[in-house]
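Annotation source TrEMBL lists region 'Disordered' at 1-28. Residues or ranges marked as domain 'EamA' in TrEMBL: 80-211, 233-363. If you look up TrEMBL, you'll see 81-99, 111-129, 141-161, 167-188, 195-215, 235-253, 265-283, 295-313, 325-343, 349-367 marked as transmembrane segment.
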Amino acid sequence: MVLCEGGESDAAPAAGGQEPEVPPGREDGPGAVQPCLCPAPGVEAAGAEERRACGCCSGMSWPFCCQAPGAKKKAACPGLGLFYTILSAFLFSVASLLLKKIEDVHSVEVSAFRCVFQMAFVLPGLIYYKTGFLGPKGKRIFLFFRGFLGSIAMVLLYYAYQVMPLADATVITFTSPVFTSLLARIFLKEKYSLWDLLFTLFAITGVILIARPPFLFGSRVTGIEGSYSDHLKGTIAAITSTLSAASTFIIIRKVGKSVHYFLSIWYYAVIGLIGCVIALFVLNEWRLPHCGRDRVFLILIGLLGLGGQIFLTKALQIEKAGPVSIMRTMDVVFAFILQALFLNHLPTWWTVGGALCVVASSCGTAIRKWRHSVKKAKQREI
């Protein structure tokens, strides 16, 4: 018997606005050699009845397959993907809470630390998969704008967390799927139905209830953390961050599978770090925290953000994107709870109403996309 080469494994980008993930069960790198049973020249293969293909090992024959013929395939734990999603939402929410507790660090500096953690995580993957550091020539401009817009979204989101209530900023970020659908209609000519328009109006209504502009709600606005000027700046920053994030999703869809997802994250981290360092020198804000607690918080923010991304990726590997997108709204629930417990700031009924509008809009968009993808999959099978 001799060994023959297996196929190359490819990576597909994730849907729903999250960072792309590795397809489940495909951990080998490109060009990996997989053992399979092939008869040597002139020798008839024996035991042909045992060399049956097994779906769990991409057609590999037993005994190299992970399961013997007739063995029952181990069932996946039901609900594990949704549990990973909830855990991811909790880690992201705790990272946001720590960002609120940091007292003397600019949001741009926090973003720079986050980019360093991203680079440390992605660099071994680039080396392992041999993707290079620049990407295909025709795709570099898309990768640059993906990194540029992604880093802007991160900096503005961190700024919003620092100057406005945690729950308010979190709720506004969940308008991203709605804006993604709108931008996909404009730039990718994707279908935009009346339902999508309704969800967009719901999202805008939710943002208005959270921002509570004085020309609609009067000059005496209640439930604002700090001054209304800071609240308004935070709202504008959160909306701009959401639009930038939605734009990155459009770019990722445009690029498709032609660029490895590690390379996309690499551009995001490198361009974000360069931009943050330049901005810190221009603003004269580059300094290490004076308090040891703030330094610990910076490290924890990087680790929690990375952990949240890993669990979200694991969830998308074993669960459909629709249920994951819906379960991600637990971010809002955790934000309300953490804000009340650790920041002593109870949300107003206006904020709760705005949160319900935005969550309903986000869930409606996710369900429509999920049903559409299921319908297309059934049509392909037919």
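Each residue, glycine too, has its Cβ placed from N, Cα and C.
Long-range Cβ contacts of the transmembrane segment (195-215) within its own chain (Cβ-Cβ under 8 Å, at least 6 residues beyond either end) map to 168, 171-172, 175, 178-179, 181-182, 185, 221, 223-224, 228, 231-232, 235, 239, 350-351, 353-358, 360-362, 364-365, 368. Non-local neighbours of the transmembrane segment (81-99) in the same chain are 107, 110, 158, 161-162, 166, 169-170, 297, 300-301, 304-305, 307-309, 311-312, 314-319, 323-324, 327-328, 330-331, 334-335, 338-339, 342-343; each lies 6+ residues outside the stretch with a CB under 8 Å from one of its CB atoms.
When pLDDT is averaged over the domain 'EamA' (233-363), the result is 84. Counting residues 6+ beyond its ends, the transmembrane segment (141-161) has Cβ neighbours under 8 Å at 96, 99-100, 107-108, 110-111, 114-115, 135, 169, 172-173, 234-235, 237-238, 240-242, 244-245, 247-248, 251-252, 254-255, 259, 263-264, 267-272, 275-276, 279 in the same chain.
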